[in-house]
Amino acid sequence: MVTMDEIVALCKRRGFIFQSSEIYGGLNSCWDYGPLGVEMKNNIKRLWWKANVQLRDDVVGLDSSILMNPKVWEASGHLSNFADPMADCKVCKKRWRTDQLQEYKCPECGGELTEARMFNLMFKTFMGPVEDESAVVYLRPETAQGIFVNFVNVQQTMRKKLPFGIAQIGKSFRNEITPGNFIFRTREFEQMEIEYFVKPGTDDYWHRHWIDQRINWYYKLGIRKENLRIREHGKNELAHYAKACVDIEYLFPMGWSELEGIANRTDFDLTQHQKYSGENLSYFDDETKQRYIPYVIEPSAGVDRSLLAFLIDAYEYQQIDKDDFRVVLHLHPAIAPVKAAVFPLLKKEELVKKAREIYNELKYKWIVQYDESGSIGKRYRRQDEIGTPFGITVDYQTLEDETVTIRDRDTMEQVRVHIKEIIPYLEERIEVKF
Ligand code: GAP
């Protein structure tokens with residue numbers, strides 16, 4: 001299996017992910033997505049939106065603000081409950097989450113730890129020019145609350161009947177005590193969340209529905225089945241709002257770890273917001289003529305963790321011949337940052353002109369690259385390493401019969417295709433049928 005160091009090195013070398021503020025020595029656990037990383041991230045978000053919003057009649061989208069009225073966090077329980085137990089090593093001064101320790105001593109130097117105290121994970125800041133208690137606001141630690149406080153707005157304006165969901169993608173912030181493992185646990189990250197509102201009593205059914213939907217999304221996008229598993233939370237692990245929760249775990253280099261959580265949040269959040277805001281957040285059921293607070297099933301995924309899992313799963317250091325090796329990312333074409341690269345076989349004017357024509361047409365549809373420098377073999381390898389699924393080469397035969405070769409990244413086999421057929425050929429292989 002690939003190591004995390006190999007993934008970090010590839011990400012830096014090929015422009016996927018850089019350390020944040022690197023020229024100043026970086027900032028702990030903060031990362032910047034480079035030109036290829038941002039494309040890959042956008043693809044993941046688009047494919048999540050497509051499967052969960054565009055293709056479903058029962059889910060609509062939302063983009064709520066990161067800063068919210070602080071009462072939201074009082075009502076949701078984050079001000080009192082969103083905390084981890086933390087202790088400092090008296091010798092090396094490192095800080096640890098005590099609920100993750102095997103023994104109550106410093107895992108690094110074996111030193112004695114201070115007594116554990118609760119540490120709230122929300123980032124605090126001030127709104128406006130005066131920095132006093134009345135100006136305190138928080139950076140959201142989950143996108144979910146923006147959905148709950150808009151439940152009535154969305155339900156009424158969209159005239160939605162239960163069951164229906166609201167989906168949102170956006171940044172969240174947590175002052176994690178022990179961030180690490182590259183982009184696995186950071187203090188600023190992006191979430192893809194759905195709050196799916198259902199009639200109480202039907203919640204177990206919908207919980208199972210969403211577990212199936214979400215694991216199939218990863219399968220469809222090429223994650224190997226043996227690297228994914230489902231793990232149910234024990235009662236002592238459940239978040240303060242949850243009746244049940246299932247994690248989809250991925251076999252990361254540091255072991256099985258959470259990729260996504262799918263929780264049954266019951267009517268906890270809407271009940272709390274109704275109580276704290278004084279607004280009626282119940283739903284009138286036309287069929288039964290009853291009013292009630294819906295239950296909520298919440299599939300909550302991390303964009304950054306998904307991207308990391310897709311990279312790890314796709315990575316291969318492959319021996320091709322006795323002394324010939326390549327690094328190849330077997331990314332699903334829909335996830336790959338660059339869909340195709342166009343090459344003139346040689347840097348000759350007539351080949352360059354034709355290759356550029358093809359490149360200029362393809363870039364209206366996808367992110368594609370043009371490359372004329374170095375041997376054709378080297379150019380293929382550069383694309384293999386960033387996961388570009390198709391290499392299109394213009395050679396002398398192209399000038400005679402308007403055909404090009406298309407090389408498949410994984411098999412390295414080439415087929416001859418008419419120029420007019422390039423777009424349909426690629427489209428068929430890039431499009432995902434969820
Ligand atoms: N609204 C529910 C919620 O936020 P969570 O299990 O705390 O639940 C959901 O987070 C997902 O968000 C996780 O499965 C993970 O993919 C991502 N996530 C959470 N904390 C993260 C962090 N510090 N860094 C990167 N991703 C994180």
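Each Cβ is built from the backbone N, Cα and C atoms, and glycine gets one as well.
Feature list (source: TrEMBL):
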{"type": "BINDING", "residues": "R97, E142, F189, E190, Q191, M192, E193, E298, P299, S300, A301, G302", "note": "substrate binding site"}
{"type": "BINDING", "residues": "174-176, 184-189, 258-259, 302-305", "note": "ATP binding site"}
{"type": "DOMAIN", "residues": "5-337", "note": "domain 'Aminoacyl-transfer RNA synthetases class-II family profile'"}
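Pairwise Cα distances among R97, E142, F189, E190, Q191, M192, E193, E298, P299, S300, A301, G302, which the record gives as the binders of substrate, peak at 26 Å. Q191 (substrate binding site) has V303 as its nearest neighbour among the binding-site residues R174, R185, L259, V303, R305, going by CA to CA distance. Between R97 (substrate binding site) and E176 (ATP binding site), the C-alpha separation comes to 9 Å.
In the three-state DSSP scheme, V303 (ATP binding site) falls into the helix class. Checking each of the binding-site residues E193, P299, A301 against R187 (ATP binding site) by C-alpha distance, the shortest gap belongs to A301. Taking a Cβ distance under 6 Å to any atom of ligand 1 as the criterion, the binding-site residues R97, P299, V303, R305 reduce to R305.
Predicted-model confidence for the domain 'Aminoacyl-transfer RNA synthetases class-II family profile' (5-337) is 96, expressed as mean pLDDT.
There are 25 other Cβ atoms within 10 Å of the Cβ belonging to E193 (substrate binding site).
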